[in-house]
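Here's the structure, in structure tokens; my notes come after.
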Amino acid sequence: MNILDIAAKLAPGMLVSIQIFLVTLILSLPLGLLVAFGRMSKIKTVSYLCKIYISIMRGTPLMLQLMVVYFGPYYIFGVSITGSYRIVATVIGFVINYAAYFAEIYRSGIQSMSGGQYEAAKILGYTKSQTFFVIILPQVIKRILPSVTNEVITLVKDTSLAFTISVAEMFTMAKALASSTTSMYPFVCAALFYYIFNAIVAFVMEFIEKKLDYYK
Amino acid sequence: MSLLNMKSVKKSFDGVEILKDISLEVGEGEILSIIGPSGSGKSTLLRCATLLEDMDDGELSYNGNTVCKSVEGKSVYESSAALKKISECFGLVFQNFNLFPHMNVLQNICDAPIRVQKRDRTSVKEEAFELLKKMGLFDKAKAYPYQLSGGQSQRVAIARALALNPKILFFDEPTSALDPELTGEVLRVIKSLSDLNIAMVIVTHEMAFAREISDKVIFMSGGVIVEAGTPDVVFASDNEKTKNFIGALNK
């Protein structure tokens, strides 16, 4: 079997991996911002809860979290789980995990902003939300972009963890194919897939960075 | 009725009294300079007047509209909606400009009038170009703050404050971050505003400038007003503290 045949066999899995990646990114970026707000909240309880949440998400393996999200409903609440819940559980697991990391990245960016920007905005009459979305956030995005790129690249590779709950993403299929054909080539193909995927991610992020290069 | 009225303002930070009973008034179109050594409370006074800090005790009003009243030794502020309305009448120019780095000069000036005051985009832009012309920065409309010198940045910051049509403009050491040459260009611009009939309160270490431009000068030291009056009176004062401070700067 040549590499193109293998790639064709793995193609459905690649689509699943890409889906996990995109949905996780689209949902965890805004959720992370909310968690960051919570973490910086003046209400002690909210801030403390967010801190615990972040601590658990960062302190335990994503693989374990996926299993908890997938099997939890059955073992904890006795709800019977169906096969279609697999992909939902995967996405939930990834989103809550990545939101925690993004939250800390947002927080570092927001807290690095000088007080002068807030004061200038206040004097000019901007409301709190205008100040955040018009003045602060655009500058924060520029500052945190390199850290976000790091996370996004990790996410590409982490999609392979979905195999723990038997989601038929690309790596799950590559392993099955490797053992059924007793060949290393499916793994070579998998490696190429991740590498090219990440090369594209890096290219896109670099493009955005360049776009934001118009000011310092 | 005076435009700005501060009465018995007190402010402490961590138990250290920065302002001890400061009272002052500024009339329409009047120019007041506040001079004094570093740490005498000048900037804190400005920050209290512009609502960036809450004072501990004392009263503040603009145009007869109460910002805060003293009740049983504590300042009680009006609702934030009322404060927002009142704060439309003043502007503040910072020592370190605080321009928005991601906006070009024109956007820095126009964004607040359009977004906050909901004024018409075209007329705001026209006005902004007028202001830039006045500031000698007509060709910098599309430049970003990082491309400007300190003096140019400060002139943009002044234009940005003026674009909201304040009745009174505060300057917090507007030239302290600038070298002597750039200081000159900013001071010339501030001077040129005196015919706009905008009241100005200027915290500055530029004595010659304060003396020339002001209707009134206040000398502050250790959180109190040591001396207040016309420039001629304050600069010819017999008061030991005042004389020492002014003398030290003139050497």
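Glycine is treated like the rest: Cβ placed from N, Cα and C.
Note that this is a predicted model, so its numbers are computed, not measured.
According to TrEMBL:
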- A:14-205: domain 'ABC transmembrane type-1' (DOMAIN)
- A:20-38: transmembrane segment (TRANSMEM)
- A:59-77: transmembrane segment (TRANSMEM)
- A:83-103: transmembrane segment (TRANSMEM)
- A:184-208: transmembrane segment (TRANSMEM)
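Among the listed stretches A:59-77, A:83-103, A:184-208, the one sharing the most Cβ pairs under 8 Å with the transmembrane segment (A:20-38) is A:83-103.
Within the same chain, residues 16, 19-20, 23-25, 27-29, 31-36, 38-39, 50, 53-54, 57-58, 62, 65-66, 68-70, 73, 148, 151, 155, 158-159, 162, 165-167 sit at least 6 positions outside the transmembrane segment (A:83-103) and bring their C-beta atoms closer than 8 Å to a C-beta of that stretch. Long-range contacts of the transmembrane segment (A:59-77) within the same chain, counting only residues at least 6 positions beyond its ends with a Cβ under 8 Å from a Cβ of the stretch, are 85-86, 89-90, 92-94, 96-97, 158, 161-162, 164-165.
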